[in-house]
Amino acid sequence: MKFIEVHTDGSCLGNPGPGGWAALLRYNGREKELAGGEAVSTNNRMELMAAIMALETLTEPCQIVLHTDSQYVRQGITEWMPGWVRRNWKTAGGDPVKNRELWERLHAATQRHRIDWRWVKGHNGDPDNERVDVLARNQAIAQRDGLATS
């Protein structure tokens, strides 16, 4: 099983507002950057999209260490998801889970991989986190300025 290191981030100019996401995948000394955005989104949606797109890009089962500065993503997938599924996509308080379609997509994308979800403090000097932060922010700016290609 291949070992892949993944770094993800999402960005939003306003919340909601133009959004961008980015992922850096590292395998055997090689790197691949992924990035995209939406004209109107939220920061949480962009954080989810970064993880989804990184995992959906992989064509075979992998051992992954996924670094995110989003507690929402890390806790959602590692702690909250089982309860949401048991309660038919309701929170502990009985409300519908926000971004359900993205959570379902992320859940599906995780099934064939072994993933170690790691939280990294954002804007704290981690070079890979800073790199994906810049990529995601540039995508959000491109969305805002009408320059987006994705």
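Along the chain as shown, the residues are counted starting at 1.
Even glycines carry a Cβ here, placed using N, Cα and C.
If you look up Swiss-Prot, you'll see 1-141 marked as domain 'RNase H type-1'.
According to Swiss-Prot, the feature Mg(2+) 2 binding site maps to D9, D133. In the three-state DSSP classification, D133 (Mg(2+) 2 binding site) falls within a helix.
According to DSSP, E47 (Mg(2+) 1 binding site) is assigned to a helical segment. What Swiss-Prot lists as Mg(2+) 1 binding site is D9, E47, D69, and the listing cites sequence analysis.
Between the binding-site residues D9, E47, D69, D133, D9 has the most other Cβ atoms inside 10 Å of its own Cβ, all protein chains included.
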